[in-house]
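> Have a look at this one.
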């Protein structure tokens, strides 16, 4: 038996030996992984340089404002187009050209105007009359009436026809409506194209569809933004409620851990049960209603999610999903009921540790602020990089011409050879790009920007884990609690992490960042290859995505435990990761049962908080609470604030529970070390609490017993 035990330990490393000088986290330690610290500092300097370059060349106005054929912004304050907020297309029918899908521009002149045309008028009719004063505001800036009509229309100085239009996303689109099933614009069922020909309204519809297709995503974003502007304070109230519930839950957990865990389990089951009941009631209510039996497949994707709530199949799907979750949770609770008692003991011990280090509950705010700083820098740099291209002008024409698609200069295009080669062609703004070294490097800079975001974000999370681990390890290794607990354990752990272990944190976060950026690239390639019919390529891509997902999960698990060892012993990252991994492998059964059951209980706590706040938000924003029915704001998509509240509530609950989770993981690792280092004798007493000793049938022997 002893030989087997020796072989087992040899296979998974050597257990920690008794050290009479060890009293918890080592204070006299040296710097670790200095090379990685230097690399991180150099990378940050380079990241700042990239940000400065991007801010120098970038122009976010290119995202906000529409751009005319000369590359000038419509509605931008401080410019000559400050009062011209709308983009007007000379001939929107040409937007039906396939060129729109290739160049993302309609092959027709576009100008900025103060307001969209509100009457039907042709250039031939307006020319030489008083109505031309109204008409010429839709001609190119600086137009002078010294050309023949044919020259004006050929050169694209004025549109051939004005059609009643309405603004949509700062663009002028024909005001098309249906009257008794017939499409009309104004009071007409057809229109004159300005060249003496009558055309059908459907031509306008096709042109408007193609032009509008480019803007649908932006229009959806604008409607979502409108919902945020009228509901942001209610969203904040919902997040505050989630914060209060999380804090209240953790305070109660400190004093009533056992009762709270069982109450939490029962409440989650009841919440899911109510969800099943509500889905069944909605399913029954829709029986017999017109259109409620349409299948989800036949309906297809709809941006207005309220449409799905009028289908019986939707509520049936919800009911099945919730029922499956209910059965899974009940079965897990039945088979893990004995292990739950052990997990409760760990949570109680963690509650005591958090009680002695109460400032640890505020540390997630520090992590949150640092992450917000990383996100803000990454997002602003990405926007400035994406808008740092120069305006590129190309030749557009609705005729077949060799020069179409070539770059041009709008200043001298009328005197160029391409203009004479392609009569009726226009040199207009196409997109933002460039051929300089900087512009060719933009994709690489965007990848570097994303990589640095992952690295710094993971570094911030690692700093928080090491800080909390150091504080809670100080609690565990205090033989007489709380008398032997050092003053300000959280601040001491934070200082040690930054002073000695910045390099180790940079090393661990670098490994994770590399895997994450590879996963992002794989997702990008997967989107690009979706149209391909190569089954082997799809299979290979799926395998790669799965492998790197598993690798990321493993590295996160290994890093977390390595950071605990760094906080305790002050060793470098590789040594800490190896020791933590072998320690866990020597106690793999305890890891699988105790640690993961505790994680499961914390997940149930998050679901309870998120579910409660989510249900409250659903009833509020759908005007189903009669007391505050008139208080809820009118919305385009009520799911926007509901999803925001749900995601925000989860992040808040996760922030609070992450402290508890780190505490449990730290105490668990310290507990395993305690079992290997000590034997309960006077010389080598156990540091674990009396509760854990009773739970594991361990005791510290008294002098007479020794």
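Every residue gets a Cβ built from N, Cα and C, even glycine.
Here's the feature list from Swiss-Prot:
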{"type": "TOPO_DOM", "residues": "1-33", "note": "topological domain 'Cytoplasmic'"}
{"type": "MOD_RES", "residues": "14", "note": "phosphothreonine"}
{"type": "TRANSMEM", "residues": "34-54", "note": "transmembrane segment"}
{"type": "TOPO_DOM", "residues": "55-232", "note": "topological domain 'Extracellular'"}
{"type": "CARBOHYD", "residues": "187", "note": "N-linked glycosylation site"}
{"type": "CARBOHYD", "residues": "200", "note": "N-linked glycosylation site"}
{"type": "TRANSMEM", "residues": "233-253", "note": "transmembrane segment"}
{"type": "TRANSMEM", "residues": "257-277", "note": "transmembrane segment"}
{"type": "TOPO_DOM", "residues": "278-315", "note": "topological domain 'Extracellular'"}
{"type": "TRANSMEM", "residues": "316-336", "note": "transmembrane segment"}
{"type": "TOPO_DOM", "residues": "337-364", "note": "topological domain 'Cytoplasmic'"}
{"type": "TRANSMEM", "residues": "365-385", "note": "transmembrane segment"}
{"type": "TOPO_DOM", "residues": "386-440", "note": "topological domain 'Extracellular'"}
{"type": "TRANSMEM", "residues": "441-461", "note": "transmembrane segment"}
{"type": "TOPO_DOM", "residues": "462-504", "note": "topological domain 'Cytoplasmic'"}
{"type": "TRANSMEM", "residues": "505-525", "note": "transmembrane segment"}
{"type": "TOPO_DOM", "residues": "526-563", "note": "topological domain 'Extracellular'"}
{"type": "TRANSMEM", "residues": "564-584", "note": "transmembrane segment"}
{"type": "TOPO_DOM", "residues": "585-599", "note": "topological domain 'Cytoplasmic'"}
{"type": "TRANSMEM", "residues": "600-620", "note": "transmembrane segment"}
{"type": "TOPO_DOM", "residues": "621-638", "note": "topological domain 'Extracellular'"}
{"type": "TRANSMEM", "residues": "639-659", "note": "transmembrane segment"}
{"type": "TOPO_DOM", "residues": "660-706", "note": "topological domain 'Cytoplasmic'"}
> Count up the helix, strand and coil residues in the topological domain 'Extracellular' (278-315) according to DSSP, in that order.
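Taking each residue of the topological domain 'Extracellular' (278-315) in turn, the totals are 22 helix, 0 strand, 16 coil.
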> Where, among 34-54, 316-336, 600-620, do we find the most CB pairs under 8 A to the transmembrane segment (233-253)?
600-620
> Which residue counts does DSSP yield for the topological domain 'Cytoplasmic' (462-504) in the helix, strand and coil classes, in that order?
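Secondary-structure composition of the topological domain 'Cytoplasmic' (462-504): 30 helix, 0 strand, 13 coil.
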> Over the topological domain 'Cytoplasmic' (660-706), what is the model's mean pLDDT?
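Averaged over the topological domain 'Cytoplasmic' (660-706), per-residue pLDDT gives 76.
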> Tally the residues of the topological domain 'Cytoplasmic' (660-706) by DSSP class, grouping H, G and I as helix, E and B as strand, and everything else as coil.
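Across the topological domain 'Cytoplasmic' (660-706), the residues distribute as 24 helix, 0 strand, 23 coil.
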> Name the range, of those listed as 257-277, 505-525, 639-659, that has the largest tally of Cβ pairs under 8 Å with the transmembrane segment (34-54).
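Answer is 505-525, with the largest number of Cβ pairs below 8 Å.
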> Is the transmembrane segment (600-620) packed against any residues at least 6 beyond its ends, judged by a Cβ distance under 8 Å, and which are they?
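That would be 234, 238, 241-242, 245-246, 249, 261, 264-265, 267-268, 271, 329, 332, 336, 340, 343, 347, 628, 632, 641-642, 645-646, 649-650, 653-654, 657, 660-661.
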> Would you mind splitting the topological domain 'Cytoplasmic' (337-364) into helix, strand and coil residue counts from DSSP?
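Secondary-structure composition of the topological domain 'Cytoplasmic' (337-364): 27 helix, 0 strand, 1 coil.
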> Do any residues of this chain, six or more beyond the ends of the topological domain 'Cytoplasmic' (337-364), have a C-beta under 8 angstroms from a C-beta of it, and if so which?
247, 250, 253-255, 257-258, 261, 464, 467-468, 471-472, 475-476, 481-482, 485, 489-490, 593-594, 597-598, 601, 655-656, 658-660, 663-664, 667-668, 689, 691-692, 695
> What residues elsewhere in the chain lie close to the topological domain 'Extracellular' (526-563), defined as a C-beta under 8 angstroms and at least 6 residues from its ends?
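That would be 462, 465-466, 469, 505, 508-509, 511-512, 515-516, 518-519, 573, 576-577, 580-581, 584, 662, 665, 669.
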